[in-house]
Amino acid sequence: MNPYVLMILLSSLGLGTTLTFASSHWLLAWMGLEINTLAIVPLMAQHHHPRAVEATTKYFLTQATAAAMILFASSTNAWITGEWDMNNMSNPISSTMLMTALALKIGMAPMHFWMPEVLQGLDLLTGLILSTWQKLAPLALIIQIAPATNPLLLTTLGLLSTLVGGWGGLNQTQLRKILAYSSIAHMGWMIIILQYAPQLTLLALGTYIFMTSAAFLTLKTSSATKINTLSMVWSNNPTLATTTALALLSLGGLPPLTGFMPKWLILQELTKQDLPLTATAMALAALLSLYFYLRLCYAMTLTISPNVTNSTIPWRTLATQTSLPLSIFTTIALGLLPVTPAILMLTN
């Protein structure tokens, strides 16, 4: 892709998200979401592959549906209340419709069906943008309208997303689909705690972005898209295989890695709010996700591909990709647990 075109598209992505962040008016927020969608569509279809075009079409249709629902719900609210302000969501039908539309936009269960299919058709870097940056604007709106939304709806969306995200990833062999289900499960963790401690939602979002970025950049570096290609990573780059396995376990939420921190604090907050059953269900759903992360770690570090020669140093070309972003994200994904007390001070 022409670098000038790429620069314009990436600037538009930033502009759309910033516009949504800065708006208190529904029409402006909707405009930001639309700029965001239209900017990523050419990035998704840039390879002119039938699967990429199919993924782009699916993504565009789901995002257009969600945007139409947002416009309809916000205009209904404006018609009833007389203003477009986000803080005045007194009509329960409008707030429920808006929450459903935004859940469709970020791919939460039960509106998640487009997410694995779309991510499977994209290359890893565009998939990374879709899994991280594209979640920011809708989540900002969800956080703003959460106080006016039915708590039962938020709890249902959160529980369903963690269960579907764990259950759906169990039988997958494609790494991008596994990361899509991982994304759905993490969205569930963010939404379940939103009504009780929004700062923990932001913490979970931040750690999720770092861990997912580390996972996607690792797969990009090792050119792996299926589980059976992961078994080649160890012979080519043992250090990368080790850090990748740890990053995946961090995504699963194992101590002493960064991913344990948001899960621990969310479960603690749910218990404080006298919701032991919800906390238990979330912890059990996290075990489902942990199983498929362990499966990836097993394929990567404990199996050897039959195609590998028995020489001590396998032949390989020099890497041309920049490794600085990968090393930064991996370090953050592995080592932030000791700063939990400082983060607690900031969130309280």
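Note that the numbers count up from 1, one per residue, in the order the chain is shown.
In case you wondered, yes, glycine gets a Cβ from its N, Cα and C as well.
As given in TrEMBL:
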DOMAIN    23-288  domain 'NADH:quinone oxidoreductase/Mrp antiporter transmembrane'
DOMAIN    290-344  domain 'NADH dehydrogenase subunit 2 C-terminal'
TRANSMEM  57-80  transmembrane segment
TRANSMEM  92-113  transmembrane segment
TRANSMEM  152-171  transmembrane segment
TRANSMEM  178-196  transmembrane segment
TRANSMEM  202-219  transmembrane segment
TRANSMEM  240-257  transmembrane segment
TRANSMEM  277-294  transmembrane segment
TRANSMEM  326-346  transmembrane segment
Task: Selected stretch (most C-beta pairs under 8 A with the transmembrane segment (277-294)) from 57-80, 92-113, 152-171, 178-196, 326-346 - done: 152-171
TODO: Grab the same-chain neighbours of the transmembrane segment (152-171) for me: Cβ-Cβ under 8 Å, and only residues 6 or more beyond its ends, written as numbers and ranges.
DONE: 96, 99, 103, 108-110, 112, 116, 146, 177-178, 181-195, 278, 281-282, 285-289, 291-292
Open item on the list: Given a Cβ distance threshold of under 8 angstroms, which distant residues of the chain, six or more beyond its ends, lie next to the transmembrane segment (57-80)?
Closed with: 26-27, 29-30, 33-34, 37, 40-41, 44, 88-91, 93-95, 97-98, 100-102, 104-105, 114, 117-118, 121, 130
Open item on the list: Give the nonlocal contacts of the transmembrane segment (92-113) in its own chain as ranges (CB under 8 Å, at least six residues past its ends).
Closed with: 33, 62-63, 65-67, 69-70, 72-74, 76-77, 80, 134-135, 138-139, 141-142, 145, 148-150, 153-154, 157, 160-161, 163-165, 168, 180, 183-184, 187-188, 191
Open item on the list: For the domain 'NADH dehydrogenase subunit 2 C-terminal' (290-344), report the average pLDDT of the model, please.
Closed with: 79
